[in-house]
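One structure below.
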Amino acid sequence: MNIHEYQAKALLAQYGAPVSDGRVVTKAEDAKTAAGEMDGPLWVVKAQIHAGGRGKGKFKEADAGEAGGVRLAKSAQEAADEAKKMLGRTLVTHQTGPVGKQVNRIYIEDGSGIETEMYLALLVDRQSSRISFVCSTEGGMDIEEVAASTPEKILSFSVDPATGYQPYHGRRVAFSLGLEGQQVKQCVKLMGQLFTAFQEKDMEMLEINPLIVTDEGNLKVLDAKVSFDGNAVYRHADVASLRDETEEDPKELAASKFDLNYIALDGEIGCMVNGAGLAMATMDIIKLYGAEPANFLDVGGGATKEKVTEAFKIITSDPQVKGIFVNIFGGIMRCDIIAEGVIAAVKEVGLQMPLVVRLEGTNVEKGKEIINNSGLDVIAADDLKDGAQKIVKAVKG
């Protein structure tokens, strides 16, 4: 689960992290008042969307101006004017894709004098199953670019859960970033605060880009991106309240309500599969035979007839989908349940596109019998390869 920058900063401030004074507005008429509550003389006006690259992004609408989603203002009135230009407009960045995202919130904060920009992140290292620090002197840049071009400029190390965070972890970060004197002490304290927040709130990633040294020589969190483990949000009512459903794909949101693992993609063949590994293999083989998957959808091992029906509705709600491939290997999942769900869904949505079904495993004969006796135009497949070839042929012709 992702949250906005202003929410991330407010959360980190609760743990003592140094952030700029800021206000969030949803109406243009509130922007001047919000800006006037801060000292100035420089204000930063930031579009709030769940995507990176806002500063380098462009708005679709001409009246939003040529600048990106992060703008500087030298008066409260100018800050209000910039907020008005961006609110309700569509911002396109390298992470949003060409469709972009509508800006419904603007964050106005005090500007900061910047001496140095650095990169810092905490994340779950799946290889070591530990929380890891990642830092670099190359702040304000895309860290993937830094990793590709100058990997030696990135330091990464994990924290042993037996000891937890210790001051030497903070010193290691500080020295790698070239900090000195009081900045080292500030870094040790800040890293501890961030580590505590990460652990207590079940975060998956905490990215600060940039972490800066101000012109007064102090550390400050200038930008923050936080994502939480969706499986742990139930433990944190305060975190759950931060969810902005308008930033989420409606199909992914609907899927989450039925415990379906769904990710929208850009292809034309909808996929419904049980098991993440088989789902990825299904997407791969569709690409192998010359088409593109429209989604990743894992119905899981305990899917009911109702859940399968909802999965079908979600797939068919995507206007890009030109055909559907149902690929089920029934272990825990029974093939007859899948078959009943498929038939019910086809009848309910009035399916008008090719449908290929491959069933194997528990109650497979019952499943095939249900489909064969349904009277529906369903293309049966014997195996994964056969199914992929048939759906690609049906869609491509």
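Here the Cβ of each residue, glycine as well, is placed from N, Cα and C on the backbone.
Taken from Swiss-Prot as is:
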type	residues	note
DOMAIN	9-254	domain 'ATP-grasp'
BINDING	Lys46, Gly53, Arg54, Gly55, Glu109, Ser112, Glu117	ATP binding site
BINDING	Asn209, Asp223	Mg(2+) binding site
BINDING	Asn274, Gly331, Ile332, Met333	substrate binding site
Legend entry - Least surrounded among the binding-site residues, given as Glu109, Glu117, Asp223, when other CB atoms within 10 Å are counted: Glu117
Legend entry - Under 8 Å by Cβ from Gly53 (ATP binding site), same chain, sequence gap 6 or more: Thr93, His94, Gln95, Asp142
Inset, instruction - Would you pick out, from the binding-site residues Lys46, Arg54, the residue whose Cβ has the largest number of other Cβ atoms within 10 Å? - result: Lys46
Inset, instruction - Just name the winner among Gly55, Gly331 (the binding-site residues) by count of other CB atoms within 10 A of its CB. - result: Gly55
Inset, instruction - Just jot down the residues in the same chain as Ser112 (ATP binding site), at least 6 apart in sequence, with C-beta under 8 A of its C-beta; none if empty. - result: Ser20, Ile212, Thr214, Lys220, Leu222
Legend entry - Listed in sequence order, residues with CB under 8 A of Asn209 (Mg(2+) binding site) and six or more positions away: Tyr119, Leu120, Ala121, Gly139, Gly140, Met141, Ile143, Asp223, Lys225
Inset, instruction - Give the helix, strand or coil assignment DSSP yields for Met333 (substrate binding site). - result: coil
Legend entry - Secondary structure at Gly53 (ATP binding site), reduced by DSSP to three states: coil
Legend entry - Candidate binding-site residues Asn274, Gly331, Ile332, Met333, pick with smallest Cα gap to Glu109 (ATP binding site): Asn274
Inset, instruction - Based on Cα distances to Asn274 (substrate binding site), point out the closest of the binding-site residues Lys46, Arg54, Gly55, Glu117. - result: Arg54
Legend entry - Distance, Arg54 (ATP binding site) to Met333 (substrate binding site) (CA atoms, angstrom): 43
Inset, instruction - Sequence order is fine: just name those binding-site residues in Lys46, Arg54, Gly55, Glu117 with a Cα within 10 angstroms of Ile332 (substrate binding site). - result: none
Inset, instruction - Starting from the Cβ of Asn274 (substrate binding site), draw a 10 Å sphere and report how many other Cβ atoms land inside it. - result: 25
Inset, instruction - Would you mind ranking the binding-site residues Ile332, Met333 by how many other Cβ atoms sit within 10 Å of each Cβ and giving me the lowest? - result: Ile332
Inset, instruction - Check the domain 'ATP-grasp' (9-254) for me and report the mean pLDDT. - result: 94
